[in-house]
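One structure below.
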Amino acid sequence: CNKQAPLEWYLKKHTIQLNWTLIGNICENDLECWGSQGKRQVSKQPFSFPQICPLQLQHGDKLLMSADETLKTYGIRIFNVSREDFESCTTNAELKNQSVFPHNTNESEHVEAKWITPGHHYFIALHEGDSQLCKLGLRLNVSVKTQLCRASPLLRLCSGNGVCRTDFYEGAYHCRCNHRYFGRFCERFDVCLDNPCQNKGICLSNGSTDPNNRTYKCLCPPHFTVNCSEIIGEANCQTICEDGTCIQLSPASFKCIC
């Protein structure tokens with residue numbers, strides 16, 4: 001299965017074509033189905049195999065389904081089922097109301113939005129109620145994900161300070177923040193991340209969301225001030241700066257030039 005990881009949220013909705021077939025696009029084990037995230041995914045949701053390669057959609061994407069020539073001739077119906085029925089290929093009388101299309105699957109046809117709301121959805125293919133094709137691999141796991149990357153539709157994704165992405169095992173798209181930014185929507189800035197305080201000083205940031213108010217304070221060791229690079233008093237500078245030269249920066253502070 002061709003897996004893209006991580007996937008980045010795209011603003012323009014896509015149309016995805018899914019062709020029901022037993023020739024290709026079938027995975028036989030967890031690594032084939034889930035890729036590099038196989039062990040993590042299967043440990044959470046152990047599925048029976050074989051199955052059609054799992055599909056990921058963004059909420060709002062358009063999904064089209066069709067069948068290959070062999071299955072068109074044979075005749076299959078697609079049903080939305082529970083996870084349990086997906087794993088066991090179980091059929092029951094209630095499936096009548098879960099038919100994705102009111103007829104056998106033939107040419108490419110649009111799947112109604114009610115079948116692909118956010119969350120996990122499971123589909124199986126049956127021939128006149130027989131589950132043999134499902135057990136051979138004609139079953140599909142579809143994950144539909146929404147994005148949790150902004151507080152309002154009027155705002156930029158991740159405040160413009162990160163990217164909105166998902167990994168295969170995640171249930172939604174989340175922000176991955178750029179360097180120094182943090183918060184659910186990358187709305188906060190941490191000037192202390194690279195610690196501008198010298199000489200083992202401790203940086204305290206206000207974590208501001210205001211780009212014009214990104215202040216910080218240094219807790220300096222004894223005799224140091226400002227960003228802990230300046231030494232208070234010439235006598236202290238002479239003591240600390242054994243192999244350098246003390247340069248006066250202000251009436252009370254000096255700097256050691258090595």
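Using N, Cα and C of the backbone, Cβ positions are placed for all residues, glycine too.
TrEMBL: automatically predicted annotations, no manual curation.
Feature list (source: TrEMBL):
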DOMAIN    145-187  domain 'EGF-like'
DISULFID  Cys158-Cys175  disulfide bond
DISULFID  Cys177-Cys186  disulfide bond
DOMAIN    188-229  domain 'EGF-like'
DSSP puts the residues of the domain 'EGF-like' (188-229) at 4 helix, 12 strand, 26 coil
Integer Å value for the Cα distance linking Cys175 (disulfide bond) with Cys186 (disulfide bond) is 7
Looking only at the domain 'EGF-like' (188-229), what is the mean pLDDT? 87
Which residues does Cys186 (disulfide bond) neighbour through Cβ under 8 Å, counting only same-chain ones at least six apart? Cys158, Ser159, Asn161, Gly162, Cys175, Cys177, Asn178
Just how many other Cβ atoms lie inside 10 Å of the Cβ on Cys175 (disulfide bond)? 25
May I have the DSSP-based helix, strand and coil counts for the residues of the domain 'EGF-like' (145-187)? 4 helix, 14 strand, 25 coil
For the disulfide-bonded residues Cys158, Cys177, the one whose C-beta sees the most other C-beta atoms within 10 angstroms: Cys158
